[in-house]
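Features of the protein shown, as given by TrEMBL:
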TRANSMEM  20-44  transmembrane segment
TRANSMEM  50-76  transmembrane segment
DOMAIN    189-379  domain 'FtsK'
BINDING   Gly216, Glu217, Pro218, Gly219, Ala220, Gly221, Lys222, Ser223  ATP binding site
Amino acid sequence: MTGELSRSRPRRDRRNEELFARVAGVLGALWRLRLELGLVASLVCGQLVLAGLVGDVAAVVLVIALAAGLLAIPVVRRWLLWALRAARVRRAWWRAWTDCELPRVRAGRVSAIPAGELVRVRASRGSSLEAVENRAEELAVCLQVREVRIARDADNAATGTVTLVRRDPLAGMKSVPWRCRDAEELSLWEPIPVGVDELGETVTVCLPERNVLLGGEPGAGKSAALSILVATAALDPGVRLWLLDGKLVELSVWAPCAQRLAGPDIDEAIALLRELREEMEARYRELLARGQRKIAREDGLALHLVACDELAFYLGCEDRKKQREFAELLRDLVARGRAAGVIVCAATQKPASDVVPSALRDLFGFRLALRCNTPQASDTILGQGWATLGHNAATISPGQRGVGLLLAEDGTPVRLRGFHLTDGDVDELAGRAAALRADDWLTAAEETTR
């Protein structure tokens, strides 16, 4: 008798657990359908109330007319459609992490973006967003989306943002002209708009105390990206421009604005870098005399921008002694020039470790990887390991000229479409910058003669 009772108790416990699970499942399903059920309940209650006043048929007609009238209001219609869409996304998220047998990660606010949706999430106790990130590919399959990206909040390990990428908003985007191409004068101290990200937001870079590395295969849009940075510097009369052009035809249009231009001659390039290093040393002596550690905008000291196109040409010089000297000079400017107001913008169409070693790459605050042939080439620009985390410039379609991944210091690569400058735009900007600098030089000369 005692044995039978002991055996029946576990069976009762299992039945109770199954019953509890079923009830919890039903309540959970009702909760996830609360918006739709609420709308239906509102219509039914409205019909019942009106039926007592005007009759059943008239009540149905009035309810339908009222619903149609509300839906005719654009604000109400947009809110309702978005609320229903957000509810569907939250239900799909619940099914996805359930199918993947992940710990509970609740979905909160849902926002629409050009690529799909942004979902705020919170991990339950005993789980982590890292575990969710490790299963991103399986979640993407369950959600039937292109990609799932998880970004944890810096100040709270339990919360983060999930990006459900349904489409590539940059794929059908036409070339976007640079928004400052009609500017008469610019300041290099201000953020420079360089492109548009997947959210439709303008991406900017602030160059003081930063350096920029650009890389990508030929035709990926590297020249346009570098031209935007050079144009901004040229349209700031307070900036001294130094140009290194391995092809001589890319940056020569800016020669009238430049302090010095070196073409495909390693000796000229080394001489330019030596002169600039002397300027840097003089700047540090001046800062020491002023009791400052770094340059500030209010000091009135000139910024120096070095634009190097075809970095591989100089670092691939057959004369090893000259190659090493060029590399050492460039690395010194990148490493020590920040506080002195020296900004280095280097571009290469051969992103390989022998051209951009990690010791040099890691000194660049901004790194833009345009279309690359291999994941290794992408990592050469962005940094080791980013391709395995899904930030791989080799996945960019060959036809998407100007699309790339921009990495800022201590950040995550941002996918963007760079602004475009035609050859005519570059010629016009260069002419405008040369005239602006000529006027500035004439004004300075007149003040000196007085």
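Here the Cβ of each residue, glycine as well, is placed from N, Cα and C on the backbone.
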Residue, out of the binding-site residues Gly216, Pro218, Gly219, Gly221, whose Cβ gathers the largest set of other Cβ atoms within 10 Å:
Gly216
Could you tally the C-beta atoms, other than its own, that fall within 10 angstroms of the C-beta of Ser223 (ATP binding site)?
21
Mean pLDDT over the domain 'FtsK' (189-379): what is the value?
92
Counting only other Cβ atoms and using a 10 Å cut-off, which of the binding-site residues Glu217, Ala220, Lys222 scores lowest?
Glu217
